[in-house]
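J.: From Swiss-Prot, here are the annotated features:
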BINDING   LEU76, GLY108, PHE127, SER128, LYS129, MET130, THR131, LEU132  S-adenosyl-L-methionine binding site
Amino acid sequence: MNISIISIGKLKEKYLKQGIAEYLKRLSAYAKVEVIELPDEKAPENLSEAEMLIVKEKEGIRILDKISDDTHVIALAIEGKQKSSEEFAVSLDRLATYGKSKVAFVIGGSLGLSSEVIKRSNESLSFSKMTLPHQLMRLVLLEQVYRAFRINRGEPYHK
């Protein structure tokens with residue numbers, strides 16, 4: 001399985017970079033995983049609704065440029081479906097079973113994802129109803145993907 005994590009914004013925090021590197025190393029035994037980091041759109045603090053839409057649309061174009069037609073796209077969004085680790089593992093296993101060798105998880109910038117990215121997505125996933133920093137979501141997502149592979153193979157780790 002080829003997994004892409006497509007995210008908006010440059011990761012600056014060393015501790016997040018270290019955690020991501022660790023999970024990418026662990027995941028290399030199970031799948032080819034790449035993190036695609038796209039630049040965020042510079043925007044002032046107090047944006048109007050129209051300006052927010054423009055920012056999301058520009059970031060959305062960058063995201064869509066990285067997704068091929070044969071990729072199963074999972075958008076990370078607060079309004080997405082919440083799953084347990086076991087349910088998530090089953091979802092990934094089903095994708096592999098039914099020939100979806102390319103999977104892309106999409107993490108938007110601080111304003112979220114454009115409507116075009118949501119439309120292109122095959123499903124939407126939420127890790128919480130709480131708002132989480134999009135930089136932190138990369139690490140949380142990679143940990144859950146790793147956990148899913150361990151669950152699916154019956155290997156110790158998941159508790």
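Positions of Cβ are set from backbone N, Cα and C atoms, glycine also.
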J.: For LEU76 (S-adenosyl-L-methionine binding site), what is the secondary structure state per DSSP, taken as helix, strand or coil?
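T.: Reduced to three states, the DSSP call for LEU76 (S-adenosyl-L-methionine binding site) is strand.
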J.: Checking the spread of the S-adenosyl-L-methionine site as listed (LEU76, GLY108, PHE127, SER128, LYS129, MET130, THR131, LEU132): what is the longest Cα-Cα distance, in whole Å?
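T.: Greatest Cα separation within the listed binding residues comes to 16 Å.
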J.: Would you count the other C-beta atoms found within 10 angstroms of the C-beta of LEU76 (S-adenosyl-L-methionine binding site) for me?
T.: 24
J.: What does DSSP say about MET130 (S-adenosyl-L-methionine binding site): helix, strand or coil?
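T.: Looking at the DSSP assignment, MET130 (S-adenosyl-L-methionine binding site) belongs to neither helix nor strand, so coil.
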J.: Across all chains shown, how many C-beta atoms besides its own are within 10 angstroms of the C-beta of MET130 (S-adenosyl-L-methionine binding site)?
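T.: Around the Cβ of MET130 (S-adenosyl-L-methionine binding site), 7 other Cβ atoms lie within 10 Å.
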